[in-house]
Every structure is written in C-alpha cells, then in structure tokens.
Amino acid sequence: MFGRKRSVSFGGFGWIDKTMLASLKVKKQELANSSDATLPDRPLSPPLTAPPTMKSSEFFEMLEKMQGIKLEEQKPGPQKNKDDYIPYPSIDEVVEKGGPYPQVILPQFGGYWIEDPENVGTPTSLGSSICEEEEEDNLSPNTFGYKLECKGEARAYRRHFLGKDHLNFYCTGSSLGNLILSVKCEEAEGIEYLRVILRSKLKTVHERIPLAGLSKLPSVPQIAKAFCDDAVGLRFNPVLYPKASQMIVSYDEHEVNNTFKFGVIYQKARQTLEEELFGNNEESPAFKEFLDLLGDTITLQDFKGFRGGLDVTHGQTGVESVYTTFRDREIMFHVSTKLPFTDGDAQQLQRKRHIGNDIVAIIFQEENTPFVPDMIASNFLHAYIVVQVETPGTETPSYKVSVTAREDVPTFGPPLPSPPVFQKGPEFREFLLTKLTNAENACCKSDKFAKLEDRTRAALLDNLHDELHAHTQAMLGLGPEEDKFENGGHGGFLESFKRAIRVRSHSMETMVGGQKKSHSGGIPGSLSGGISHNSMEVTKTTFSPPVVAATVKNQSRSPIKRRSGLFPRLHTGSEGQGDSRARCDSTSSTPKTPDGGHSSQEIKSETSSNPSSPEICPNKEKPFMKLKENGRAISRSSSSTSSVSSTAGEGEAMEEGDSGGSQPSTTSPFKQEVFVYSPSPSSESPSLGAAATPIIMSRSPTDAKSRNSPRSNLKFRFDKLSHASSGAGH
C-alpha cells in the first residue's frame, strides 16, 4: 500500500499531489517573470489550494471591472480629459513661459476653429462659406478684389425677374407646406434657359435650367418635382395680382441686411480676464489710429444714421462712437473704451450689454498677447477677428490678423494671406470690413441662429401665400364663400352648422306642405298630440228646441295651421283670470239622478297630451265653470270627436255662428277663444240621443276687427243651451 499523502483542493483538478502543486507554482512563476508586465501590474492568480473566500473576492473584483467596461461602452462618447482638447497650453501657462505668444489659443474644451495656414484646427470639410458671392460685375477697382458674401437667392428675384416678363404660382397645403414658384424664360449665347425660384419653408432654391433638346416647356409640377423629389401631385394656381412682384421681392430680401454693428475690444499686454478687457478706459495712440482706420468718430447726440442700439437722445450710452458706410451698408462700432464706465462694477455691464449682444467683434492687441475665444462669456458672440499692431508709432504700421469662430460657423472670405500681415491703408480697411460683414452673414448659418431664421421664414412665407391667394380671388371676383365651394372646402364648423340649419328649415317647410294636403278634411293628428281621428266629421250645431238639428258643413281645407314644434306658441294671458284659454272637456261633477233631476256640470280644462301643441294651457290650476241645468245631463264628450280651431281656420268655423251683443273681452289681447257645444253621437252615452261636443275657437286680434266678440258668442250659446234643456224637460 502506497504511503503517499494527498491534499484536498477546491480547484477544478480534484485530488492533486503536493509535488504536482509545487511544480505548477514554479511554472507560473517562470511565466510571470518572463512576461513584460511587472508584478504589481499583473498579480499572480491565487494558488489552486486557496480558500474559497479568496477566489470569490477576486471573482467579484473581475465582475466590477467588466461592469465598468460595459457602462463606459454605453456612454455617448468616451470621456476625454482636458488635455485631449487643448492643442496649446492654457493661457496662464503661455503667459508664464514668456513671449513670443500666439495670437489665438483654442479654449480648454474646444468648440472653436482658427483660420491660420499653419494651424490644423481650421475646418477643411466645409471648404468655404455656404453663402454665394456677389457677381464680379458689381466689383469696382476700389474693392481690391474682395467680395461680399451673401445669399444669391435673396437678390435673384430683383436681379432677374423684377420688371421682366415672368410668371408666379402658388401651391396650398402640400407636404412641403406652402410653395411659391417664379419662372422666366431667357436666352444667353443662343441657348434658351428656364430660370426658376422655388420658395419653401425650409429654403429657397434658385436655378437656371437649359431647354436644349426639349420639345416643349415642362409643366409647373414637373419643375417643382425636379427641384424636390417629395413634390408629387401638387396643384399650382397662378398669381393674378398686379402688385405681386413687390410683395415677393419684399419676402425674398427679408434676409438681406444692410446695417451691421460690431464690437471693438481693447486688450492690453498680459490681460487674460474678461473683467480686465472691459475695465480699460485709456486709449493708446495705436488704438486711436486703428479706430480712425475703421471709420469716423461721431457724436451720438441727435445722430441721424444707423445708431446700432446706442442712445442718441439722452446720452446714456456714451458721448462718441465710430461709424462708417461700406458698399451701401451702414456700420456702427461698439468701442469698449467709449461706452459708459461704472465705478465699482467689476463686470462693467453697461459695456458688456452692447458688445455681448453683437455677433462679431474685433480684438485689438496693443502688444503680443494671447487671446482665448471663451474669454468673453456671451451667447451671441460667434466670431472674433484679432488684430495686433506690430510696428506702432511708425508712419505705416503693420497689422497681423487672425480669425477664430465657433465650430458650427462655416468659413468665410476673403481668406487670410500668408503671412497674414497688412500695411495700414485702404486695402487693409477693405479687407477688414469685408471680413467683418461676411463673418456676420456666416454666423447666421450656425445652429442657434439658423433655427430662428427657419421659424421666421416659415411665418413670412405663409403670410405671403395667404395675401397672394386673397388678392387673386379678389381679382377674379370670387368672395370667400365662392372660393370655399369652388375649392371643395367645407368652411369649418360654422359653415357646416349654417348649411345644416338651412337644410332642416327646407325639410320642415316641405313637411308642412304635405300635411296641409293630406289633412284637408280634418284636424292633423300631429297637432293634437297624435290623437287618431274618428270616422265621423266634425260638426257645428246650433240648438233649436224642442228638436235638436245638426247642420253639417264640409270644410274645404284644414282649419288648423300647423306650427313647427321647434317654436311653440307663447301664451301671454294672465293666469289669474277666470276665462279658460285652453281646450276643455265637460265632466259630470255629480252622478245622474234616476228621476232625471237637476245635475250640476263641471267643465274643467285639460292639458293636451302633446307638450308641443300650440293650444296648451300654461296655467297649472284648472279653471272650471259650473252650469246647472234642469234638463238631462250632458255626457262627457269623447276626445276623439273634439275639434280645435286655430286662428288660421277660425273664419270658416264661425261663418254660421249667431251674432250676439258685443261685450268687452277680459282675455289676453293676443288670443281669444270661444267655447261652443255641438251635439254629436257619443260612444260613451249610447242612451242619449245627442251629446254635446265642446269646441275651442281661438281668435287673433286681427280677426276680431271683422268678427263679433267671442265673449258675446259664448253667452248667446249658453242661453240657447239653457233654453233647449228647459224645453226638453217640460
């Protein structure tokens, strides 16, 4: 039996001899010594016989490292140190090392480019400014070949279309928004061209298309699609307004700026802080000479030219400033030393509020001193032109120029020469003013200013489109209503509501006409709450004792004028009066006596079952009348045989009525009613030979002039009723 001992290991090898473990340690040590990494950089892994706590702790450390790597990968970009952004040392370190100093130093965290032939920080992808240069024909010998950069589309309409034969079109509500297109045919060197300007809310496109090889001119939608692939299925309308050209040229040139304001900051030797720059009050002779080169020193009080935001009335922004005109443009300079100085204000806000709101500024350096673009905190300053005088005090001093701007600002001309040194004279002034003007135009293309410009362009384009459309329709003699129906527009909620009301009124009138024709012999059921008519005709009978006679008159037309349920008739009669102004039915108040004795009759007004009926009584209390008769009791008349007469049919219903003494009416002057009993067969009292049917006859004030008083008719008929009842009893 072998006497070799074995040791237990928690590694992945199970049972391992100690001799084998020792040999593994030796090999691992040799590998560690042979590698380039040092022991602290590359620690040895724990031995295979290490306790589990030691291996688990290293395992968790490895997990933490892996999680840290994953978190770094999930970040938008690698976190760089300040040294990764600084191509030069900080300005304090540069000043401590001593001169000569560079003119411009990139800020610690970047964000700017420097135009310098020897500097790799100048952006090369942009190449040149996106602004188009003016035509060379406009350049004079005094410009020294320096061109002003501006948007060619802004002046194209005035240069090529205004005052010449051309056509304008507008498109409403496309996927690209409102569009306005101008087209003109022209010929150059024997070749025909089609010059087109297409305006959208995003941009304005100006192109010249050759027509060689085309059998006919392309249509306006085809021209629009040639400029933009998304312009599909568009419908253009011609602009028919004599003054449309002036409106279009005003829109195109809203981006053209003929007034500029630039800041001028005086930087002395070894000044590296914003407070130090704005705190300078003295002007050196070299700085005064430079200001004289820029323009004329003017007095602000009552100044009539472009003031650039300075006070010309109360003198709150200083006494003097520098002003000049350049190629039909006005320029006002905000000179830091000429703006008001406030004692005790380290930031000098009276100066910074003007220079800080400028877009381009000049940094004049008295001596060789570095400048950092982020030295001045401002949201508007996007470009700086640094000018350093090299030979001050001489008759023709020289100036060294450097240009820096933010990264989102495209490059602008004229380019700096190599070396960038100019002699004092008209050429340097021409270069400097041209560079300043082009710098501001280029800064307007940066992200911050471009968003503002896009919103302004879209609003102005929509306004121009609406005005052209309105004037075109006015020239055609089309109003807003005709224009909407012509274009198929619904006109909004209000127009839809008006049309619905008109259709409803027309349908109501048609229904009323049909009701009159179908119910010419009786009462319309819709007016009495939907009550069905009996087969027998409505009769009107006078009492002639002792024999009851009925005279039947056929009506040639309906006695009821149907009124719309939307506008029920208003009752203005007083509620306190005792006269009944509603349809009433006679009801027996006491049971009939066997011997045919006296019975009292109570007549109560009933409310119609139709709430929209025009004859509804507004009184809640039911007025009643009691009639004592010696004759037989009058049975309650059926509602199916009751008839209602309105003001429209009253004339025919009252033709055979007996006339009585006229009495003043106590009812409302707007409506008068007559209560008439006409005997007719009743289904409820078959034993009686005749039953009294009450009839409500309404009278209007107009009919009362030619008719007898309804109150007298009521009294006369009640007298006849009493006389007939007494005669039958005897």
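Every residue number used here counts from 1 along the chain in the order it is shown.
Even glycines carry a Cβ here, placed using N, Cα and C.
Note that the structure is a prediction, hence the values are computed from the model and not measured.
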From the set Ser9, Ser128, Ser564, Swiss-Prot tags as phosphoserine just Ser564
Record (Swiss-Prot) lists phosphoserine for one of Ser558, Ser709, namely Ser558
What Swiss-Prot calls phosphoserine, among Ser7, Ser56, Ser398, Ser532, is Ser7
Of Thr49, Thr297, Thr324, which one does Swiss-Prot label phosphothreonine? Thr49
Out of Ser544, Ser700, which residue gets the phosphoserine annotation in Swiss-Prot? Ser544
Averaging the pLDDT values of the domain 'Rap-GAP' (248-464) gives 93
